[in-house]
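Asker: The structure follows.
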Amino acid sequence: MSDNSLHIAVIGSGGAAMAAALKAAERGARITLIERGTIGGTCVNTGCVPSKITIRAAHIAHLRKESSFDEGVSAQPPVVDRVKLIRQQQARVEELRNNKYESILHDHTAITVLKGDARFVDAHNLTVRLNDGGEQTVHFDRAFIGTGARPAEPPIPGLADTPYLTSTSALVLDTVPERLIVIGAGFVALELAQAFARLGSEVTVLARSRLLSSEDPAIGDAMEAAFKREGIKVLRQTQASRADYSDNEFTVHTNAGTLRADQLLVAAGRTPNTEALNLERIGVETSNGAIQVDGQLQTTVPGVYAAGDCTDQPQFVYVAAAGGSRAAINMAGGGATLDLSAMPGVMFTDPQVATAGLTEAESLEQGFNVDTRVLELENVPRALVNFDTHGFIKMVAERDSGCLLGVQAVTAEAGELIQTAVMALRSGMTVQEIGDELFPYLTMVEGLKLCAQTFTKDVSQLSCCAG
Ligand SMILES: Cc1cc2nc3c(=O)[nH]c(=O)nc-3n(C[C@H](O)[C@H](O)[C@H](O)COP(=O)(O)OP(=O)(O)OC[C@H]3O[C@@H](n4cnc5c(N)ncnc54)[C@H](O)[C@@H]3O)c2cc1C
């Protein structure tokens, strides 16, 4: 590698930054990657990985306590040892961080890692305040910003003076609180609310409007019903006006009354990590702190690119990584774009929530003449043999052509079935074509075929192996 090769400064080491650095290296660039915290960023350390481990453990605890087969298979409330669960969880986090981030960076000769806090001096220079002391200037041809986001602190009087939990601290909390209040009604809040309830907490969720308010309303209703079945209290249209902590107890004042709990989890959105970067100085525009990027992931400053949670794009690690790799292609002279039109979204509750493409409301807003169907899970053989028929699959199609526009699913393993919907959306399939495909019998994904068939048939009248 010559010193004349393109030099790219990559800020961060999460999903976006790693993808950008590796793709840029593959294209012959020299990379200086700057990370101020733990290598790997949110997903592996404090996000996807530990949360999915906690959720899985909580799911097992729940099944031991109760399942649809309790009459024939005896149930018994489990004894939860949170310290041991966290030890097991963190060992897997460390293993994945090492295998998927640290060793890869270590072995890559084109990538130099600097541990420190980066900020722009101008459109071709950064200063890095090194964690070990001192400062270093990094001159670059192109820069990539992948600085992610952190839990937002809503402006609730008194909150900042309390030792409230964020998703980060909740995931390593070594006790199961007796009473837990959750402020927030998005994916992160609901995943953790249900996990703690299943580990043994009495949970109350405060939703400013309703659960999952940006999704099709039927999804929030189904999740509220699922939470109610498990004894999780959901307070809709409820806002905290003050929070206090004394004598080991949180007090939260709301328009629905005063609530008390042993722990308070605040999971009400995430704030982009952009303030420390000096972006105004070089002219990178932001909106509410989120970096604005164009279709090729370039910011408002030529040569400076961004992706992931620090931008205005959806906060999923695969979106961050796809954005990072496409930005790298473009920094090296390419013209890659990121198409999010069929993007899947999954919430790992039970039942899971999974979406792809447009909702009915979005389709109407975009001027489509739409036709929709909702298939209740009583019509899905997999749900029947599971003795768990709570939930639904909804399909949105263009009325004249029958082309699929979007899918929303609230089912067990919805996260697995949604990718089939994504493929159908990507290839422009019609509901007729989906209904004519072979789907394996007794899988949840067969619900997609059955839902597609309801556009032309009464599925309840079909024989079990609907052809
Ligand atoms: C609890 C939880 C569960 C989640 N579960 C899922 C899931 O199941 N599936 C999914 O797809 N997504 C999930 N997400 C979202 C996912 O984790 C994020 O979308 C993704 O990790 C964002 O990656 P990123 O590269 O943009 O940022 P990050 O991974 O946050 O990386 C940013 C890095 O930049 C560093 N940094 C910031 N500023 C500077 C600076 N000035 N100088 C140097 N370094 C800096 C930070 O230290 C950090 O390491 C979850 C998130 C949370 C919080």
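Cβ atoms are placed via backbone N, Cα and C, with glycine included.
Copied straight from TrEMBL:
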BINDING   Lys52, Asp309  FAD binding site
BINDING   Gly184, Ala185, Gly186, Phe187, Val188, Ala189, Leu190, Glu191, Gly269  NAD(+) binding site
DISULFID  Cys43-Cys48  disulfide bond
DOMAIN    7-324  domain 'FAD/NAD(P)-binding'
DOMAIN    343-449  domain 'Pyridine nucleotide-disulphide oxidoreductase dimerisation'
Asker: What's the CA to CA span in angstrom from Leu190 (NAD(+) binding site) over to Asp309 (FAD binding site)?
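Answerer: If we compare the Cα positions of Leu190 (NAD(+) binding site) and Asp309 (FAD binding site), the gap is 19 Å.
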Asker: Fewest other Cβ atoms within 10 Å: which of the disulfide-bonded residues Cys43, Cys48 wins that one? Let me know.
Answerer: Cys48
Asker: Sequence gap of 6 or more, C-beta under 8 Å: which same-chain residues meet both conditions with respect to Val188 (NAD(+) binding site)?
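Answerer: The answer is Ser51, Ser167, Ala267, Arg270.
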Asker: What other residues of this chain sit with their CB within 8 A of the center of the CB atoms of Gly184, Ala185, Gly186, Phe187, Val188, Ala189, Leu190, Glu191, Gly269, the recorded NAD(+) site?
Answerer: Leu192, Ala193, Ala267, Ala268
Asker: Based on Cα distances to Lys52 (FAD binding site), point out the closest of the recorded positions Cys43, Gly184, Gly186, Gly269.
Answerer: Cys43
Asker: Should we count any of the recorded positions Cys43, Gly186, Val188 as near ligand 1, judged by a CB under 6 A from one of its atoms, and which?
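Answerer: Close enough to ligand 1 are Cys43, Val188.
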Asker: Could you state the CA-to-CA distance between Gly186 (NAD(+) binding site) and Cys43 (disulfide bond) to the nearest Å?
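Answerer: So the alpha carbons of Gly186 (NAD(+) binding site) and Cys43 (disulfide bond) sit roughly 17 Å from each other.
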Asker: Take the Cβ of Gly186 (NAD(+) binding site) and count every other Cβ within 10 Å, whichever protein chain it belongs to.
Answerer: 19
Asker: Which residue counts does DSSP yield for the domain 'Pyridine nucleotide-disulphide oxidoreductase dimerisation' (343-449) in the helix, strand and coil classes, in that order?
Answerer: 37 helix, 34 strand, 36 coil
Asker: Out of Gly184, Gly269, which has the highest number of nearby Cβ atoms, where nearby means within 10 Å of its Cβ, if these are the binding-site residues?
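Answerer: The residue with the most neighbouring Cβ atoms within 10 Å is Gly184.
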Asker: How many Å lie between the Cα of Gly184 (NAD(+) binding site) and the Cα of Cys43 (disulfide bond)?
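Answerer: Cα-Cα distance, Gly184 (NAD(+) binding site) to Cys43 (disulfide bond): 20 Å.
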Asker: Whole-number answer please: how many Å between the C-alpha atoms of Cys48 (disulfide bond) and Asp309 (FAD binding site)?
Answerer: 13
Asker: According to DSSP, which kind of secondary structure is Gly184 (NAD(+) binding site) found in, if we only use helix, strand and coil?
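Answerer: The residue in question, Gly184 (NAD(+) binding site), is coil (DSSP, three-state).
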Asker: Give the sequence-ordered list of residues that share a chain with Asp309 (FAD binding site), lie 6 or more positions from it, and have CB atoms under 8 Å from its CB.
Answerer: Gly14, Ala16, Thr42, Gly148, Ala149, Arg270, Pro272, Gln315, Ala320
Asker: Note down the number of other Cβ atoms within 10 Å of the Cβ of Leu190 (NAD(+) binding site), including every protein chain shown.
Answerer: 28
